[in-house]
Structures are given as structure tokens and as C-alpha cells.
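The structure appears right after this line, and notes come after that.
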Amino acid sequence: DDSWRPRVVVPTQGEVWPQPANQTKSNKTLSVDASTFSFQYEGSCPVVQQALKRYQRQILFQNCSRSETPEGARRRRTRSALSPQTPSHDGHLDVLLVTVSHQCEDIPDHRMDESYSLSISSTEESFISARSVWGVLRGLETFSQLVYSPDGMSWVVNETVIYDEPRFPHRGLLIDTGRHFLPLESIMDTLDAMSYNKMNVLHWHIVDDESFPYVSKKFPSMSEKGAYDPEIRVYAPEDVQYVIREAAARGIRVMAEFDTPGHTRSWGEAFPNLLTTCYKGTKPSGKLGPIDPSTNATYDFLKALFSEVAGVFPDQYIHLGGDEVSFDCWKSNPNITEFMAQIGISGDYRKLEEFYIKRLLDIVQGVKKNYMVWQEVFDNKVEIAPDTVVHVWKNPFQWDMSAVTAAGFKALLSSCWYLNVISYGVDWKKYYNCDPHDFEGTPKQKSLVQGGEACIWGEYVDATNVISRTWPRGSAVAERLWSPASVQYTKRTASRFEEQRCRMLRRGLKVEPENGPGVCECDYIS
């Protein structure tokens, strides 16, 4: 009798996370033989070919990623002695047919089609079919989650029919490599975790006040002087291309953020004249403030930098930041006071910020990119282009989301998903229960919501904890952004969440326990 035991969350088996839009599942099971199962794909799209290899070799049939260890082998031996009987199944799955109806694509974009159909049948052909390669990737992830091991020895899958598509087109994760450098291995693990949760945008907040690890070909001195270490803690051009390539292989866009005019202290190590000299009374104080918006040299520099960035990052969107600009330094500088008088905005520092942002937006439009900005740019009534996406991060977010969409702008939500802010206990439920449509607005306003992003800001996050702190808490955000609005929290959600956590552990990611006491098959992995 186990009734005396405290309640632990028991993981489900073969449940999909995020929950598909439409799924019908029967109790019939098909056995899957890891040594003979194969995908059948007649097409020639490299993204699909690469993904099939990845799923076949690394993701399907993982029996704890360190299963070669003596402990893993010993556990398997004991288990096989305990379960000599072979359970009966309703059929055998040998081949999964994969089809793409539209032409190949290499780089995902904001209009990508991620819908797919999947059928596992004991009587007919089993298949994944999608219009695009991106839909195939999402279908493969779903299939890999449907396959489970009831006894730790054999693999089975239930008869299932799924039609699935995301609720929101933008399901992102922000990583911050300006506060702490993240090695490529950590970024690769992050991309893997994102793909296991069907997230599709890596928002790369690549530089900040503290360091400038991006190696610019036009301005190499920026990382030479602005990085924590110009040799090791930098992203060389080939590193950036590697991240973009590996992300694309998983159907993930890479959106770079170069935040200005604030958050730019590290830029001033190489180019002090780019930043505003702060004054104390009539003398320079020795401190530097935000970018100096009063000189033409500033805009020449930004034009050169952003034309390079536009060529390096293929995504249609660049995030231009624009948050947390302190006006104190601008107020103290006599040259800026004089400049403001010249252009007729004396004393109105919001207008000065607007002057700067408008020039920057013109530059970015000139390099044929769209842009995203933090909400302050909208809050400060800066005139922005109609297709700007406004990124809301302040709380309570309901008023901001309503105001942004009422003005006709697309909106993105992050306010309730700051995963770097930790608390004791089961905190994933609050992330799960936050909905980007939870504001007063018309259906037209709701349609302007592009989705959202979980943020893992880097002040207290580096390679030692970026995976464990982000996951599986990020999975809660992922389901909210993918699954239909009707999918709400129930007790079963916690068991499905637990399975997703155990699944990520089995795939070799050190993700933390989030449901309190419990056990995963692979939680002894070192």
C-alpha cells in the first residue's frame, strides 16, 4: 500500500509537449525496433535529410545519453532479468514515410509554415506530411515524443492521428551574451532544447554595457577592446555563421539585438567619441553615457555597423533595443544642449531620443531590414514605421499590450517570462498560465500579437546554469505559445511536463526538477 507516501508527480508516457492542436490517440500499440526502424523520404531537401539523420542517430531510442556507463549497463541488466515476458502489440512500425509538398527552404523566416499532419497506423501507411520543411521538423519532434519505452528495454508507439500548427508565429528565447559569455556548446544545447519544445526564434542579445563579444569585420577594435577576452570570449564570423546554420537546421531563426542608444558602454572602449561625455558642472566627469545623438559621425558609424549586421544575419528582423535610456548624461552635456536648441527641441529629451531612433530606423530600413524595439520606444511616443514590432517587457503588461495593438502595431510579450528571476517552489505554472491575449482588445488587436519570448538575462547566468535555469521552465512558455488557447492547466499537465523534463534529461540536457520530489529514469546522468 503506497497511500502513506507523499505525492510525487509521475511522468506520462508518449505524450507530446507542446500539446498538438488536434490529436486522436488509440490504446493500440505498435512495437518499434530500434535496429530496423527507418524513415522513408524521396525528396532532396537538405534540411529534411539532415534532420532525419539527427533523429535516427541521436534523438530516437535514447536510453539515457550516458548509457554506456557501468551504472546504466547494470540497471539495464537487472531490468531485463525482471521482465522476461514480451508484451503483445497490435502491429509493428518499420517505416515512417516523410513528404514535403512545397519546395525546399534553407533559412526559416517570420512567415514560415510549421503545420504538419502525422498518422501512426497498424493497418495503413504511417506518415508525416507537411507543406514545408519546417513542418516536417515539427512533425519529427512530435513523432520522437510519441515513441516511448514502457520497460526501459523495448520501444512502442500508440496509434495516433495528429494535425498540428502553432497558435503564434513567434515563439522565442532571449539569450544574453553581453553580461556573461556563453560558449558555443551552451548555445548549441539551447538550440537543441528549443527544438524539443518547438520554439522558433533565438533572440541573441549579443552585446551590452559590460562586453562586446561580437567580432565585427568593419570594426575589429570593438571586440578587441570591448570583449572580456578578445581571443577566447568572442564570436568570430565563423562562430556566428555556425550558430545561424545549426539554428536553421532546427527551424530556428536567429534575430540579433544590438541595443542602442543605452546599454552601449562596451562600444566606447574602442570608440569613446561615439558615446556622450557626461559633465559635472562645467567639466567632464570622466564618465560616458548613451550614444551621442548630436553628431553626424555617430550615424555614419551606425550605418556602417548595421549594413554589416544586415549581411551577417539573414533574418528579416533586427532587434534595435531602445530600452532604459537614462537622460541624465545628455542633460549634463553642453554640446547636446546646444544641438537641441539648434533643432528646436530644447529641454525635451524624449524628442532627442526620438530624433536618434528615427535616424537609426531610417538606416535599418536602408539596409532592407524590418525591426523590433523594446516598449520604451513606443511609450516615449517615438514615431515608428507601421510594420515595427513592439516588444513588451514591463508589468503589468495588459495595458501596454492593449495600447500597442490599439495603435496598430504588432506586439510581442515577455513581461511574465523572465526565467532568470528565480523563486523557490513550483514556478512554472505562473509562466504556463500567462497568455499574450490576456488584455482588453478587439479581435483585430489580438491578431496583431505575434507571440512572445522567454528571457534568460545573463547577469547571474553563464555556461554553468543557462540550461538548468532555462529548462524545463521554458517548456511552459513553449506550450503556451504553440498550443491552442483552449489548452489550460490541469493535474495532467504537470505529469506531461514531468515527462518532457525526463525526456530532455534522457537526451543529455541537465534540466532541473520543477515539480518537487520525483524521479526520472535518467536523472543519475553526470
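Please read every residue number as a count from 1 along the shown chain.
Glycine residues also receive a Cβ, built from the backbone N, Cα and C atoms like all the rest.
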Selected from Cys329, Cys416: TrEMBL disulphide partner of Cys278: Cys329
Selected from Cys45, Cys64: TrEMBL disulphide partner of Cys104: Cys45
Alpha-carbon distance [Cys520 (disulfide bond); Cys104 (disulfide bond)] in Å: 39
Which of Cys45, Cys104, Cys329, Cys502, all disulfide-bonded residues, has a Cβ with the fewest other Cβ atoms inside 10 Å: Cys104
Cys45, Glu324, Cys502 filtered to the recorded positions whose C-alpha is within 10 Å of Cys278 (disulfide bond): none
Number of Cβ atoms other than its own within 10 Å, given for Glu324 (active site, proton donor): 11
For Cys329 (disulfide bond), the three-state class that DSSP assigns: helix
